[in-house]
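Worksheet: one structure, shown below.
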């Protein structure tokens, strides 16, 4: 059997063993996708004992490509809601994540001085304990630049392998422990997160208001500032027994009932100006109007603003709200349409059908993946991650790497949505398949590489003490910040799990957090919110520690 065939076969075996381990649950808790790492360690041990030789170049390519696939699909998934989340809760999340990095660095420094751990070993333990491969590479590079002998630099890789498994287990254990301590109901947490997911952090509501302000009598809707802005949509007007779709030129009269869509604060302001809320139904049932959800799939309208399509004027149809990647938005005229946007239309059946034809509404297109944008995005992400950033006083240039670059590029492209006929929408099923494939490939190789010398170092060397040091570096920051975030900041549990996973730049932990409630995007969103800054800090922290320890040691 050729080296390539043998390598592929072993990787498949690792995936099977690891996924089986991940599916084993104790009291409802399992390793999930993280089991693949331990499958790799087990198989790697026996492969080493059997004297098999695998293609190291192929393993390296598979490991990096798997990581790229995982972070890219995460970025595409959360991109549309990432920047809105950053505005609403990003500062708080990033402050907690930075605190985890700082505490981890302090624990590492204390262990280095107390137990006189060699510099390459303690840096490897630090990188493995926070499950950050780019930190390992950055640390090895600066050690070489500082003149450290190569045999000492290689020790960093072994100590990394010792600490890495508990780095993953530690964060999973922390999530489980916090869930038990605070008696978390995951379903309730998911519902609470869902209720706060909008552009401005407040749920989109509807309200029926009676026109009671005499100053508004015989005014056109376009002449009433609160109704002519982008914060509130007036989607229906009822006068006596007649229900119709209002246009900007529609004249309102005292006693008219208006159906308004917007955020609670804006609707409250509308009440103060227009009149009181009423319980009268403005349902389209029994009328010649209907409400329908239509999806944007026509390439000709991508990137166009809602106001430029003139649906009110041409078809007498109102867009009452817009759903983008699960986030409900007020359909203001300045919003540009993206592929996959879901619009709520109100109008007559024939008019809605005409607007649906303009928008596309081709459901089958939602199941298709444009592969050209996928590889354009990955390519641009790799280029971004390869750009060196030179900082005065640092002997090695800083880079985002193959994990940070594709993630940030995917966030940007996911937010842009489309450029011309290229769109970065990816069906959820395809996104999940690529994401799971990527993380399985990545962890399989990491496990295989760690498995060969893992048992020998663990039994006959200093492996146990290294694991103990790594456990402290992993657990102390996570538990401390987790308790603070829940008790002081009242942070949503799923959001907190994503933040903890992101602070460790730990894809398996994110996969575990996602599986806590598969339909909630809370963990993925908070993970992506803190990941870019944390990745940068994780890359420079070992370099800072190396320079600090080298100068004082």
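Cβ coordinates come from backbone N, Cα and C, glycine included.
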Feature transmembrane segment in Swiss-Prot, mapped to one of the ranges 393-413, 414-434: 393-413
Counts of helix, strand and coil residues, the domain 'RCK C-terminal 2' (279-361), according to DSSP: 23 helix, 27 strand, 33 coil
Which of 95-115, 158-178, 533-553 contacts the transmembrane segment (464-484) most, counting Cβ pairs under 8 Å: 158-178
The transmembrane segment (493-513) versus listed stretches 4-24, 28-48, 439-459: most Cβ pairs under 8 Å: 28-48
Intrachain neighbours beyond the transmembrane segment (28-48), with Cβ under 8 angstroms and 6 or more residues off its ends: 10, 13-22, 54, 164-165, 168-169, 172, 176, 436, 439-440, 443-455, 508-509, 511-512, 515
